[in-house]
Amino acid sequence: MNNVLIITGPTASGKSKISVKIAQDNNGIIVNCDSKQIYKEIPIITDQPKLNDYSVKHRLYGYISVTQQYSVGLWIEDLKKEILSATAEKKLPIITGGSGMYINSIIYGLSQIPKIEDDVRYKTKKLFEDLGNKEFYALLINKDPLAKCLHQNNSHRLLRAYEVIEQTGISIFSWKKNTIRQPILNNFKLCVLLPPRDQVYKTINERFINMINTDVIEEIENLLSLNVPKHFPAMKAHGVPELISYLKNKISIDEAIETAQKNTRHYAKRQYTWFKNQFPNASFYDSKCQLLESIKNYQN
């Protein structure tokens with residue numbers, strides 16, 4: 001798959017807006033690379049584009065239910081279809097988003113871990129729900145000592161590690177280390193937008209206030225009504241845990257706002273370091289104007 005643009009960077013760095021401008025100038029289609037913006041029930045809290053506002057096509061936004069099991073492997077298959085479709089239409093695919101695991105899988109490929117059987121997946125989830133994070137973590141590292149590097153509160157990765165060791169008898173970390181990974185793309189330009197941090201932090205704070213002033217509370221109430229298991233990815237989207245705590249009368253709305261803003265800022269701070277370490281050969285930009293100028297007239 002040839003001639004693809006990847007626009008990434010920390011949350012609230014301005015990726016979406018700059019991607020629209022690039023798409024307008026280069027006959028492009030925007031394809032989502034944000035692991036939370038795939039969910040159709042939570043467009044406000046995940047800051048999904050308002051598709052009717054734009055004159056360019058957007059793909060893979062709000063098309064998966066929060067109740068569905070989804071993975072980076074499934075997303076890669078959906079991505080391939082969208083790139084082929086864009087190429088057939090003679091349009092430039094512009095992959096946009098900040099989910100590190102998704103971007104890493106595009107550039108370096110996926111480890112060839114066997115598909116997990118449904119019964120193993122079900123039993124693992126049931127075990128996790130019965131034991132809770134702490135006891136489940138202890139059980140996991142007893143079966144797979146390499147899993148000690150995982151944080152016991154990262155339930156998504158704990159479940160995945162347990163499923164793999166349970167079905168294959170081999171640590172997920174051994175699979176990743178010892179299998180050959182095939183890159184998804186052959187010819188692409190990776191652009192990382194890294195504006196000044198204080199600018200990003202300011203945007204994070206303002207964006208969450210704007211969400212509160214819209215229908216985000218109603219959106220989270222609806223999410224709660226779906227009884228989604230708390231370890232599902234959608235339940236960990238920025239702002240969701242804090243607003244759920246507010247709706248359950250555990251904290252005030254002011255505390256929810258302040259905590260969500262703080263946690264999102266901390267996440268953005270980690271993203272700055274992660275992008276620089278993971279993609280040293282990428283093109284880095286500290287402003288949207290600089291990025292626009294560098295890829296002017298980037299054509300298929």
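Cβ from N, Cα, C; glycine included.
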Of 34-37, 166-169, 262-265, the range Swiss-Prot tags as region 'Interaction with substrate tRNA' is 34-37
Quick one, of the binding-site residues Gly9, Pro10, Gly14, which Cβ has the fewest other Cβ within 10 Å? Gly14
Local confidence of the region 'Interaction with substrate tRNA' (34-37) - pLDDT mean: 97
Quickly jot the same-chain residues contacting the region 'Interaction with substrate tRNA' (34-37) by Cβ under 8 Å, restricted to those at least six beyond its ends, or write none. 43, 46-48, 61-62, 72, 75, 96-99, 101-102, 233-234, 237-238
Distance [Cα-Cα, Å, rounded] between Gly14 (ATP binding site) and Arg121 (site 'Interaction with substrate tRNA'): 37
Out of Thr11, Ser13, Ser16, Ser99, which has the highest number of nearby Cβ atoms, where nearby means within 10 Å of its Cβ, if these are the recorded positions? Ser13
To the nearest whole angstrom, what is the C-alpha distance linking Ser13 (ATP binding site) and Ser99 (site 'Interaction with substrate tRNA')? 13
Spacing of the two Cα atoms, Ser99 (site 'Interaction with substrate tRNA') and Lys15 (ATP binding site), in whole angstrom, works out to 12
